[in-house]
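Participant: Next up is a structure, given as C-alpha cells.
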Amino acid sequence: MHTLHVDLGERSYPIYIGEQLIDRGELLSRHIRGKQVAIITNDTVAPLYLERLKRSLNGFAIASVVLPDGEAHKNWQTLQLIFDGLLQARHDRKTTLIALGGGVIGDMAGFAAACYQRGVEFIQIPTTLLSQVDSSVGGKTGINHPLGKNMVGAFYQPQAVLIDTATLKTLPPRELSAGLAEVIKYGLICDEPFLGWLEDHVEELRELDSAALKEAIGRSCAAKARVVGADERETGVRATLNLGHTFGHAIETHQGYGAWLHGEAVSAGTVMALEMSQRLGWITAADRDRAIRLLQRAGLPVVPPSDMSADDFMHHMAVDKKVLDGQLRLVLLRRLGEAVVTSDFSSDALESTLRADYGAMAQQLA
Ligand SMILES: NC(=O)c1ccc[n+]([C@@H]2O[C@H](COP(=O)([O-])OP(=O)(O)OC[C@H]3O[C@@H](n4cnc5c(N)ncnc54)[C@H](O)[C@@H]3O)[C@@H](O)[C@H]2O)c1
Ligand SMILES: O=C(O)C(=O)C[C@@H](O)[C@H](O)[C@H](O)COP(=O)(O)O
Ligand SMILES: [Zn+2]
C-alpha cells in the first residue's frame, strides 16, 4: 500500500492506494469517530462490493443507501433519498458516511455529508478510474442543475480516501477510458514528463496492468493533492484542473446528463482548449496533435457532438463557474505541461475555435 497526503491544516487527510483495501477494516476504522456508518452506493456497485465492505466494518451499526445509478440521478431527488435513509436509521451527528462508487456517488455522498445535521464526517472509497484519480480527492461535492453542471454544492473534505485499485477489474472499458481523460489532464496542465510516460503506457493502462495503474493513479493523486493543498477553494491555481471542462460541461448539459460520460466530454473539451491555445500561438500544431493522438489512443472522443452549434456552446458556457462579472475565463495551455486561466482572448479566437473542423482533424490523426 502507498499513502499520499492532502495537506490542508486541520482538514488534512490521507489517500491510501493499494489492492483489496476494501477488506482492510482496521484502516477504515481509524477514520470513523462514532459507532454508526452509512454506506452510500448505487445499484450497480452494491452487488459487486457492498457486502464485502459491510463485512470489513464488523462492529459498527451499518446502514446502506442504494441509489439509482447514473449521472442523470445526480440531483435533489436522489440526494433526498440519502437523507431519508439516514433519518430512518436514526443516524446522529457522529455518523460517518462512506461513498462507495464512482464520482457521481462521491459528489452526492460528500454533499449529503456537508448538509446532514449541518455536517457529518465522510470517507471516499472510489471505484472508477475517474474517481480514483480525481473526484475523490479535493472536497468538491455537489449535484447538477438542469441549467448547469455541478451548480449546487459545497467544498467539504473527506476524512480519508481509500483507493482499492482491484475494483477496476469490474469497470467497463468505456468507463476506464473516461477516467484516462482526467489522467491525461494532469500531464497537460502541470507534468509534461507524465505525458511522455502516458504515451509509453496507455495500452497497458487500458489492459489494466496493475503496475501501470498504480503509477498513473499515484502520480495523478499526487498532482491533485498538490494543487488542492495550494488552493483549496479555487481562488487561483485550482481552476487549472478545469482544463477542457468549460467546453465539456456545455456538452454534458446540452446532450442531457449521462449521454456523454464526464470524461468523454472533458476529452472533446480538451481538444477544443488545445485548438484555442494553438490559435493564440501558445502551443504549436504539433503539440496539439500530440495530445489529441494520446486521447485517441486512450479510446476517447476527440470531436464535439455534431449537433452542437457555436451558439449552443456559448449559451451553456455563460453559466460556467469561472465566469466572473459576466466575463468568460478559460483554462488554456501556454505549453504542454503549463496551464493558465485567462480571459485574454478575442471573441474571434473563441468563435473560430467553436467552429473549427474537428472531424477533419481527428481523421487526419487517426
Ligand atoms: N468532485 C470532483 O472533483 C470531480 C472530479 C471529476 C469528476 N467529478 C464528477 O464525477 C462524475 C463522474 O464520475 P465517474 O466517471 O466515476 O462516473 P460514475 O460515478 O457515473 O461511474 C461510472 C459508472 O461505473 C459504475 N461503476 C462504478 N464503479 C464500478 C466498478 N468498480 N465496477 C463496475 N462498475 C462500476 C457506476 O455505477 C457507473 O455506472 C461526474 O458527475 C463528474 O462531474 C467530480
Ligand atoms: O477538483 C477540481 O477543482 C476540478 O476541477 C476537477 C474536475 O475534474 C471536476 O470535474 C470538477 O468537478 C469540476 O468542477 P466545477 O467546479 O467546474 O464543477
Ligand atoms: Zn472533471
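Along the chain as shown, residues are numbered 1 onward.
Note that Cβ sites are derived from N, Cα and C of the backbone, with glycine treated the same way.
No curator has checked TrEMBL annotations; they are predicted automatically.
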Participant: For the Zn(2+) site that TrEMBL assigns to GLU182, HIS262, which of HIS201, HIS245 is also named?
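Facilitator: Checking HIS201, HIS245 against TrEMBL: the Zn(2+) site match is HIS245.
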Participant: Counting other Cβ atoms within 10 Å, pick out the least crowded of the binding-site residues THR128, THR167, THR170.
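Facilitator: If we count Cβ atoms within 10 Å for the binding-site residues THR128, THR167, THR170, the smallest count is at THR170.
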Participant: Would you list the other residues of this chain near Zn(2+) - those whose C-beta lies within 8 angstroms of the C-beta centroid of GLU182, HIS245, HIS262 - in sequence order?
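Facilitator: Neighbours within 8 Å of the Cβ centroid, excluding GLU182, HIS245, HIS262: LEU130, ASP134, ALA181, LYS185, GLY244, GLY248, GLY263, ALA265, VAL266.
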Participant: Taking Cα atoms as reference points, which of the binding-site residues GLU182, HIS245, HIS262 is nearest to ALA72 (NAD(+) binding site)?
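Facilitator: So, of the listed binding-site residues, the one sitting closest to ALA72 (NAD(+) binding site) is HIS262.
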Participant: Nearest to HIS262 (Zn(2+) binding site) in three-dimensional space, by Cα, is which of the binding-site residues ASP69, GLY103, THR128, THR170?
Facilitator: GLY103
Participant: Which residue counts does DSSP yield for the domain '3-dehydroquinate synthase C-terminal' (179-323) in the helix, strand and coil classes, in that order?
Facilitator: 104 helix, 0 strand, 41 coil
Participant: Which binding-site residues from the set ASP69, THR128, THR170, HIS245 come near ligand 2, judged by a Cβ under 6 Å from any of its atoms?
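Facilitator: HIS245, by Cβ distance under 6 Å.
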Participant: Please work out which residue of GLY103, GLY106 has the most C-beta neighbours within 10 angstroms of its C-beta, and give that one of the binding-site residues.
Facilitator: GLY106
